[in-house]
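According to Swiss-Prot, the protein has these features:
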type	residues	note
BINDING	S11, K43, A76, R90	substrate binding site
BINDING	S11, F12, H19, G91, L92, R93, E101, L126, Q127, P128, I129, S130, S131, S132	ATP binding site
SITE	H19	site 'Transition state stabilizer'
Amino acid sequence: MSGKIGLYTGSFDPVTNGHMDMIKRASHLFEHVYVGIFNNPNKQSFFTFELRAQMLREAVCALPNVTVVSAEHGLAVDLARELSVTHLIRGLRNTADFDYEAGLEYFNHRLAPDIETIYLMANHDLQPISSSRIRELIAFRAPITGLVPQAVINQVEKMNENNKKI
């Protein structure tokens with residue numbers, strides 16, 4: 001395990017308990033784990049980039065070998081090189097995720113052949129959870145307890161109290 005540094009990336013819009021499970025498990029496999037928060041150019045964000053980063057930082061604060069890094073734009077492999085990462089960490093919930101990730105891995109390997117990609121299977125109980133489903137629940141003010149970290153719940157409650165559009 002010595003010298004192994006992982007990078008787990010996503011838009012985390014918002015961070016879910018599925019993401020947190022991946023981050024916690026990766027923190028046991030690597031000396032250090034960076035969690036890179038990106039904007040997805042193919043999606044309209046629900047939460048601002050700053051709020052997503054804040055909620056993610058609060059969610060991982062108890063994990064001493066995990067650091068959140070903001071990389072609003074760019075490629076994960078570029079951030080990985082900048083941070084001297086040895087492994088990209090990807091989570092898989094189902095075969096659709098696998099097909100998508102296999103395509104990404106091909107290009108990541110072409111751009112950075114020295115950085116390995118590893119896949120962690122999602123915990124069975126967390127497989128149905130996705131940020132897009134959470135956003136739907138939030139939009140309808142449905143309960144999200146047990147699906148997301150407390151930092152997300154706190155932010156949603158705060159915004160609901162102020163009747164702000166998220």
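Including glycine, each Cβ sits where the backbone N, Cα and C put it.
Shown on the structure are the features that Swiss-Prot records.
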| residue | record | DSSP (3 states) |
| --- | --- | --- |
| S11 | substrate binding site | coil |
| H19 | ATP binding site | helix |
| K43 | substrate binding site | coil |
| A76 | substrate binding site | helix |
| R90 | substrate binding site | strand |
| E101 | ATP binding site | helix |
| Q127 | ATP binding site | coil |
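Fewest other C-beta atoms within 10 Å: among the binding-site residues A76, L92, that description fits L92. Take the Cα of S131 (ATP binding site) and measure to each of the binding-site residues S11, K43, R90: the nearest one is S11. Here R90 (substrate binding site) is positioned 8 angstrom away from E101 (ATP binding site), judged by their C-alpha atoms. On the backbone, the CA of K43 (substrate binding site) and the CA of I129 (ATP binding site) stand 18 Å apart.
Taking Cβ-Cβ distances under 8 Å and a sequence gap of 6 or more within the same chain, the neighbours of S11 (substrate binding site) are I37, F38, N39, N40, K43, S45, R52, S131. Its Cβ taken as reference, E101 (ATP binding site) is surrounded by 17 other Cβ atoms within 10 Å in the chains shown. In this entry, substrate is bound by S11, K43, A76, R90, whose most widely separated C-alpha atoms sit 19 angstrom apart.
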